[in-house]
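Visitor: I'd like to ask some things about the structure below.
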Amino acid sequence: MDLRFQRGPSGEWKASVVLAFAFKGEDIRKQAQALIDVAPWLDIAPALNDFTGAAGETGVLYGHPKIAIPRIILCGLGERESYTAETLRKSVAAAMQKCRELKLETVGIDVQTLAGLPGDAARNVEEAVVSAYLPLYTYERFRTTRKEPLFTPSWISLFFAEDIDSTLRDAARRGESAAAGIFLTRDLVNGPANLVTPSFLEEQARKLAARYGFTVRSMTRQEIAAAGMGAFESVFKGAVEDARLLAIEYCPRGMEKEQPLVFVGKGVTFDTGGISLKPSANMGDMKSDMGGAGAIFGLFETIGQMGGQAGAASAGFTRRVIGVMPCTENMPDGQATRPGDVVTSLSGQTIEIINTDAEGRLILCDAMTWAQREYDPAVMVDLATLTGACLIALGTDVAAVFATDDALADTVRTRGGDVGDLYWRLPLWDRYFEDLKSDVADMKNVGGREGGTINAALFLKQFVDEGRRWAHLDIAGPAYRNKKSPLCPFGATGFAVRTLMQLALHGVPEPSGD
């Protein structure tokens, strides 16, 4: 679906349908005056009186099929006092699903209406555009019985009554680019593990680099082992598929010596648990255990869509950004790591492996050490579908954030919340590390059942350089769902792509002495 812009008096607007937004209890005619100008029939449509404006309500109003705007979809926003950006997202998503159902070829939105909603005008436009795309996602690569693909409108257009406002146009482009990044993440995470292997992810990284001018580095399992990444090696020892350590870099001109913002994403393309084998029920969902790496791919697709190496700086991506992705399968095998084995990490610290199903932290700890040595990041953020305990604690809508300083934690929560990615901060209290102490090594890879998400974060903290700014995002809950939501038909959600995008665009303020 293409994004377009139309400029001129409302009488010149053309589309199969136009979306109109209305608050409950307010005069709909006043809220949709621009549309009444272009579609006078709307003012006298009897169905207009049936529309209440309740949150999530949609109503289709029909005019004459030969006129420029033959249909209006009314989108309810609920009470004005209760309005949030999430209200707008769900409203647009519901309307676009109705467009798919009715097979409406072209869709229009009056920008002035969006700009007049509560909140920042550019934010409203960006959220409306990204929300128009996300509910239309499909993954049908392996469907052979459907006679035709699900219908998708050919374009969506933003209507400007006067000159096109460059700020709002750029916001719309950000929304479009964010959707493209999320779609790539969803494709990778939804993809079956016999297709989406570590070597496949390397191919995808190189395609991004070739298309957008990024730089890619890759290490094979032999190189990873030779480098001394014993924790990472312990996970891939049982796998036939070759592991990879991938790094992809975006560096604006003149920023080559700048300390970068580094994201480290867990890329376990299939997780059986290893010798500590998972139950068979729902094991197929473990193809999603590379959601952290998938989000990094989505970020770089977004940067690429905004201009890539050559032009993204003019779109606001003025910081050097690097994504590091340790990628492997976790499989049981005669060569696989056993519970009770002791390995030496790249940092030199030794780890007693109590449970081979706590593998994500093992690949992340070596990748984090490597990233710090190679890139000396100003800020390092790791993200992973790391613990089931996080899902129990926070549910499917909220991710956990841990951070070494308040400014970093607050930035993740605020910037993520701005785009609908919700985070809740959990503590990094050293007292919890007692559960990770080992009698035979420097630490164990798991503690007891209690506080599992905190223990995992504290394990990773042992591999963060003194004074390094670091945040850990446990996205186990919101990264993958087995039920439909307004913005995601099924499976991978693309959670955290827009959080990373926000951090790359706006950076992280310095800590205030905490």
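Just so it is clear, glycine is given a Cβ too, placed from its N, Cα and C backbone atoms.
Given the structure is predicted, the values throughout are model-derived calculations rather than measurements.
Summarising the annotation, Swiss-Prot assigns Mn(2+) 2 binding site to Lys266, Asp271, Asp289, Glu359. Annotation comment: Swiss-Prot describes Asp271, Asp357, Glu359 as Mn(2+) 1 binding site. What Swiss-Prot lists as active site is Lys278, Arg361, and the listing cites sequence analysis.
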Visitor: Given the recorded positions Lys266, Asp289, Asp357, Glu359, Arg361, which lie within 10 A of Lys278 (active site) by CA-CA distance?
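Guide: Final answer, ordered: Asp357.
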Visitor: Given the binding-site residues Lys266, Asp271, Asp289, state which is nearest to Arg361 (active site) when distance is taken between Cα atoms.
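Guide: Closest recorded candidate to Arg361 (active site) by Cα: Lys266.
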Visitor: Least buried of the binding-site residues Asp271, Asp289, Asp357, Glu359, going by other Cβ atoms within 10 Å?
Guide: Asp357
Visitor: Reduce the DSSP letter at Glu359 (Mn(2+) 2 binding site) to three states and note it down.
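Guide: The three-state answer is coil.
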Visitor: May I ask for the distance between Lys266 (Mn(2+) 2 binding site) and Asp357 (Mn(2+) 1 binding site), taken between their Cα atoms and rounded to an integer number of Å?
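Guide: Counting only the Cα atoms, the answer is 14 Å.
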Visitor: Could you work out which of the recorded positions (Lys266, Lys278, Arg361) has its C-beta surrounded by the smallest number of other C-beta atoms within 10 A?
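Guide: Counting other Cβ atoms within 10 Å of each of the recorded positions Lys266, Lys278, Arg361 gives the minimum at Lys278.
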Visitor: Rounded to an integer, what is the Cα-Cα distance in Å between Asp357 (Mn(2+) 1 binding site) and Asp289 (Mn(2+) 2 binding site)?
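Guide: Asp357 (Mn(2+) 1 binding site) to Asp289 (Mn(2+) 2 binding site), Cα-Cα distance: 12 Å.
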Visitor: Can you list, in sequence order, the residues of the same chain other than Lys266, Asp271, Asp289, Glu359 whose CB lies within 8 Å of the CB centroid of the Mn(2+) 2 site?
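Guide: Near the Mn(2+) 2 site, the remaining chain residues are Val235, Gly267, Val268, Met286, Met290, Asn330, Gly360, Ile363, Ala384, Thr385.
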